[in-house]
Amino acid sequence: MAPRRARGCRTLGLPALLLLLLLRPPATRGITCPPPMSVEHADIWVKSYSLYSRERYICNSGFKRKAGTSSLTECVLNKATNVAHWTTPSLKCIRDPALVHQRPAPPSTVTTAGVTPQPESLSPSGKEPAASSPSSNNTAATTAAIVPGSQLMPSKSPSTGTTEISSHESSHGTPSQTTAKNWELTASASHQPPGVYPQGHSDTTVAISTSTVLLCGLSAVSLLACYLKSRQTPPLASVEMEAMEALPVTWGTSSRDEDLENCSHHL
């Protein structure tokens, strides 16, 4: 009877042992992998650090995966040390040959030689603007004509070079009297930052103010000369009037003397 009871206990204990083994929590629960290793010219976005999770590396922009290499890595457990780690990927990222051939070439500098801009004339009929000065390879001419009764009319080219200003004045009251003054100003302003005026701008203002002062001075001198002439004219007129008044008196006295002589002869 005793051996039969022992065999029955063993038969009942085996399923219970299997059940306990199945219900026992696994030893690997809660184990996670550290951050994966870095690969040159590639990035990785890890979605899960748990065991047996798989992730893939992605090559950066301008690079592509080399043929024969793999971007796959997996979180595995080292049973000897009971430590989880990522498998080493064989990925190698190389430059994309298609993008290398499509790289744009640097812009080349083109220099145009012997170009002389033609200034446009907006002056009234009968007035000739000043001629533009010759330009070199890297400089251009800026011509401005100042005509009495009109505004400043500049003719500008892409780069600042020589500036010429001519002022022509004509007098309609007196015949053939023309006063012309020319100023030539040279200013080297090849590269001027925006918002900064070149040196020729201030020189032009000085030249215009100088011409205005000279014209005012000439006008004052002419007015003074006319005033002096007008003051000298009345005395001459008075002398002529006195001479004219003296002539009849002399003629009257001479005729009286002749009459007296004739009367004396008759007597």
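Placed from the backbone N, Cα and C atoms, the Cβ positions cover glycine too.
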Record Swiss-Prot, residue C93, disulfide partner from C33, C59: C59
Cysteine from C75, C216 that Swiss-Prot links to C33 by a disulfide bond: C75
Feature N-linked glycosylation site, as given in Swiss-Prot - residue among N137, N262: N137
Chain-internal residues, separated by at least six, CB under 8 A from C75 (disulfide bond): T32, C33, Y49, S50, L51, Y52, S53, R54, A84, H85, W86
Same chain, 6+ residues apart, C-beta under 8 Å of the C-beta of C93 (disulfide bond), given in sequence order: V39, E40, H41, A42, C59, N60, F63, K64, R65, K66
Cβ atoms near C59 (disulfide bond) (within 10 Å, other residues, all chains): 21
Other C-beta atoms that fall within 10 angstroms of the C-beta of C33 (disulfide bond): 23
